[in-house]
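Novice: Pasting in a structure now, in structure tokens, and then I'll have a few things to ask.
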């Protein structure tokens, strides 16, 4: 079919319009080949004759049918062209209030100029894990796609955000980074993701400003690399910036502002922290008031400054650095207020008394006179001399402004560098996602150097974009194995060559900058001469100071004025020298680094070779540096997988949801969206799965084709019949095929419309009801038959398996016995070997002790002290330090003593008696000092010898010399001893720590062997205690006898040997323990008998000696107990019987001690017993109770045959026994063991629904038992008299009840989470996507080309409401089987139904394709299935249906009429559970799925909004799916009699005794 054949009557086309760009019109007459006009009728009723060129037929663009308007993806439209794209965006933005739309791989984001509730954490979690296209277009979907591809392919990603100023680039980039921070939360305490987000306020403060187009316009480009580790968690970030607009620092246009940070600073001028900066208000500084607008509506600069300072602190930047930054900023402001006046002719001057100049110089620490001189003078270096030349005022002002611009640019780079340092954390980067926030294509009335660089960057990005899109198209065709030919698309490489190639614009600009007398006009003349013949370059007709470049987006005229100055970006050398000499280190470093660091250019390869630089100075131009940084950026982008976000500014007035078609189409042409459409339109533009094609064009199918079960084959047959001779696989036919199919379908629909409307009203309701009843009955019969057959087959299978299992158990029983016997024998041999080893170790240790005792005789005092107090060694270091301190102090006293001695000698003759007394006193004092220094050590002999010599000679000087010698000896000895003690204490601490660990391990390992290893554990403990003393004594001797080096070597050897010995012993014992535990769990009953025999053999000697005495004491104690009970409880016969039975049992145990073999061989005679409802156990059996009754118990298997709550009742019977004995320690230990065991089993099975259900039920049963038998009246109302006698008597367990209640709540939440994990994947496919109503299709073909998972999974059809109901029934059956309380079951079902409703409602709010009338019918039908299930399970009282009210009202909202005022009021009154935001969102997203439905008019939506203004409701769009209703555990008394409970043998609890 030729394309011209589609121009028939009633079809619609697009024609150009000067106001709206494109206007829709309807064809009044079929077009025939050769006609020169096309008869049309505009939408306003005007008829026109549209001329058609005869030779080159150029027919107007065809308009898409209304059903396709509003698509999520522009490439899904049947007709791909500019008017279709423009109209689709208008419908989505204006009518549906949707700001995001896909265009192939591009996300088009239209700025709404209004805060929307679509960016909360709930929305982030909703998009997390979803494939691109599963939900409505969103910036979060692009971020999730990048994150998923990074994790899946281990390839770096980039998100390129571009657009005009005011289009929303910065906000989009911020939301993308916030998404990564939320979904990749790191577990570290550094909170790197918070730091990454905190960098945004700082960069916006120093790099954003108010412009005429945007209140928060980014005046620089930014590429942020977010680094991830191997677990895909954020570990850091790095920023690269491009082309900061420095000129804004010194000049702003009307109604524009300087950078935000200046106004934030001025707003805080009165604060104490800023007083020293001498700031004024913003309107008093030249650099902040040029634009006239110093404030922005709705912006609080003072609050923004607080946020800026907070984020500086969050990033870890020091307060000193922040203070320096503010000082530099204030200096720039004061520099702008420096007044430069003309003195005479070409001279200018600055007054040294200028206040602002003085403040500037004070802040930056430079000389005032130097600044005054070199602002107004310039040094010229000639061949023979150096001349200082004054400059006119204009050039002096330029010098001042150039200095301000350079200072700010350096400060900007410094802050970015500090931020990057703060965001860099230790750890290897595994991959990264880059977010590029860069300026889009710009064209103004006056375009200069900045616009030229921006448009040059966009040319490079567009070139990379075109190549990437073409590559994706090629890969798609190769994947589907579809023949394709080369697509012709626009290549902008010639424009790039025009700018950067040899003798290009940048090359000629740099060349002209080399000449001191170079001017803008000279450079422009060179452009005319060298580039005049290039078709992409031209000279304007009416100007000799401009040139024109034909960019990919538009033709732009650039004014040459200022190009050279901005490209040179020069600053007088004299001013640079002044800044270098500044005492303000931060400022001085700016200019020192600039002079020391040479900027290295990057060679850019163009289509033709570039000109070789004539001078190194060429590398420092702004254009060259920008070209180099742009080349590095392109290298980075080419090494990553790019994702594109194109931000569109809908109008110039910043009005919310206003759409200016002229401005929008201009931006679409400039950002590559239409280029994507162009490439897609030349290939196979419409790409539908077979299921979607079947749903859309089923009306074109014959009856024979429709009945085929294979929908894929049906689609192939239809296409072969309608479009013969072409192969149709994977992707659908070309544009003409789809247009033909849709045209035929539309004709048939119009022909049948009248006939269908006549009979539909009379028969529709009856037929639907009859069909529904019949299908329901048939479905129920089929299900019952299937279930019956399945149950019978399962029954037979289970019987066969049980028979086989029984036979196998009988066959293997003898083998298990043999294996058990062998294991026991092996265990016996290992035990004997262990005993022998321990005996040998004991003997060796004894010998070592004897040797050490002999060696330590010379140090009896130290040995006794160490033996008496082992822990004293830990404090020796402190004691030695104190002794050294005292020694030092007393040594300082020696000069005083020498002086006293001299005085005594001079007065010896006159006062001999007095001298003798003083001598005696001095000796006493010296003895005290030495005793304090040395304590009880052997140095006393030295002191005594010195004292004797002094007495013999009668000379105090000789005594003092002896004292000095003794002191020196003591100092040497103490120094050696201190060094030895320091190393000794370290070794002793180290060995003591390891020996303590060994002791703990040995005790823990032998504890579980019970009485079998009792003697072994005691021996090990004794040996361990001895071993802790022996190495210490041995080390003490070695330290005092051997040198330091030998001691260190011995310490290392002993440490390594001890470590090896500990590891060997620990490994062997752990292995033995594991093997022993495994066998004990399998053969507990048989092993207990063997253990008792081993215990009796080991303790036989002890028992024979103490047997008689124990028997007598026991009998005496029993007689006394019996007499006391008889006297005290004469009236209580039952308690006397209990004591008698206890006495008899103890007597039997005593008799069994006399003859253990006979007692084991003879069976206990059966006598009638009356049980008390408690289980007796020994304290050492508590671990077995916890292990067998909690940890090893499984919901399936043996538990199936138990009555619900048996485990809880058995545990409570053990609790009763501890209470009966009035043993508080035993009761506390048991309760702690039960709680710990429950926590452990829940942690091990936190995703096992069966286990969680079982233990939730048993925990509640145990909690009820603790209440029922607590003795409190409120819980005893429903007890029998016998149950009241079983109440606890000695202890109040109310605190433990609270602990079990908290534990039950914890189990309940894990139980709910496990069910939610299982049911969540089924909710959307079953309740929303599955077609539960036969014959009614509620799905609209999306046509979206998914990048993550583009293949339609037909297996999803198998997921239906039956799947959810079956899963819910399984949950319910398990809860009932485990005996869960009915009220608790209702609460769990209510929570599950809330999840169903919340998930479905969130999906409806995020998926436009779910908002249709037929989808509402499907949802209400599925809700009715859920309601019937509740009735079937008798759960109507659970309030579960109330949680589905929001979903039910949303489904009703999709079905109700939406045209009149009455409809609006009905919506207000009938949807109380939906918030106003949700109602408006659903109305805006409502999408017709056929030609009989209509969209909701914008006027109607506004009416509903007006009616809902008074309603108070949440402003959140999404429902919190993680919300949990408060759970309560109602008390329900158990009718089970404790005394009748039997302990099943399968639980392996034979060590418990019923009393």
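The backbone N, Cα and C atoms fix where each Cβ goes, glycine too.
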Novice: For the record in TrEMBL, which of the ranges 607-629, 630-652, 653-675 is the region 'Actin-binding' one?
Specialist: 630-652
Novice: Of 1104-1131, 1132-1159, 1160-1187, which range does TrEMBL call region 'Disordered'?
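Specialist: That would be 1104-1131, the stretch labelled region 'Disordered' in TrEMBL.
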Novice: Taking 1045-1070, 1071-1096, 1201-1226 as the choices, which stretch does TrEMBL tie to region 'Disordered'?
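Specialist: Result: 1045-1070 is the stretch TrEMBL calls region 'Disordered'.
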Novice: What are the DSSP helix/strand/coil residue counts across the region 'Actin-binding' (630-652)?
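Specialist: Across the region 'Actin-binding' (630-652), the residues distribute as 9 helix, 8 strand, 6 coil.
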Novice: Return the average pLDDT for the coiled coil (749-921) as a whole number.
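Specialist: The average pLDDT of the model in the coiled coil (749-921) works out to 68.
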